[in-house]
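Remarks on the structure that follows.
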């Protein structure tokens with residue numbers, strides 16, 4: 001029984017890993033295609049292809065209706081927002097199919113190997129599928145935000161220098177896209193085309209902030225919006241923002257260095273119970289059998305995993321310093 005449970009656990013982890021890898025590779029392929037289109041548009045601003053125009057027109061429509069999207073409720077609305085924040089081109093139904101696949105796999109495992117009642121198996125399986133998808137989306141979103149935040153101060157400096165040299169707003173945004181790469185290039189090129197289509201600069205940057213979900217991107221949107229309403233020197237505003245973001249990045253790295261010991265301790269303490277359990281299993285597999293075969297052992301095992309998860313989450317929360 002214990003070997004069957006471990007076999008199911010390995011199969012489940014393998015399926016989750018394969019699904020995550022397929023999702024990331026699918027997104028990387030689409031992102032590479034979008035990057036080639038964006039580079040072609042930046043290199044030939046006067047000869048943008050119809051496909052790029054169509055994509056940018058759709059993005060302009062999305063940014064113009066950002067308020068309506070934020071107010072959209074329900075599972076579909078939340079899933080759409082999280083997929084968009086993670087930078088995935090998947091639709092909400094595709095995300096729901098992935099949740100369904102993970103939930104069915106969890107349900108079968110709980111029914112066959114753990115002998116959990118049907119009602120509880122269904123509830124736990126639905127929660128597990130949704131939780132696993134959200135973990136993957138959070139990882140992708142944080143990676144996207146990190147890449148954008150690292151490139152943002154340099155992008156703002158290029159933007160300010162372009163405006164100081166007398167370039168129009170649209171050309172200055174294109175200059176930023178030409179001198180950047182990755183997510184920053186994609187987002188600023190999208191802002192340029194939205195501005196050329198008649199959208200105000202602060203609205204285009206606000207749409208970028210909605211897609212990135214980063215405090216730094218929101219800083220830019222708010223600052224340019226206030227500058228458009230109250231007047232002032234946009235070049236000076238951008239330069240001050242770039243300096244502020246650099247100072248913020250330095251402070252964040254300093255905080256990460258100061259909390260490095262706490263984070264290492266959290267990693268060691270988090271992995272220690274699993275390492276000890278693995279050693280005990282290989283030395284004496286029957287010692288852990290009551291946790292699987294006895295109903296009371298299953299309950300204690302579930303409570304232990306929940307308690308351990310709460311402790312790990314608390315340690316990581318304490319080791320993180322938000323700047």
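Along the chain as shown, the residues are counted starting at 1.
Placed from the backbone N, Cα and C atoms, the Cβ positions cover glycine too.
Bear in mind that TrEMBL entries carry predicted annotations, made automatically and left uncurated.
Not measured: the values here are computed from a predicted model.
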Would you please say which range out of 53-74, 119-140, 141-162 has the annotation transmembrane segment in TrEMBL?
119-140
Residue counts in helix (H, G, I), strand (E, B) and coil for the domain 'Type II secretion system protein GspF' (156-280), per DSSP?
107 helix, 0 strand, 18 coil
Are there residues at least six beyond either end of the transmembrane segment (299-318) with Cβ under 8 Å to its Cβ atoms? List them, or say none.
262-263, 265-266, 269-270, 273, 291-292
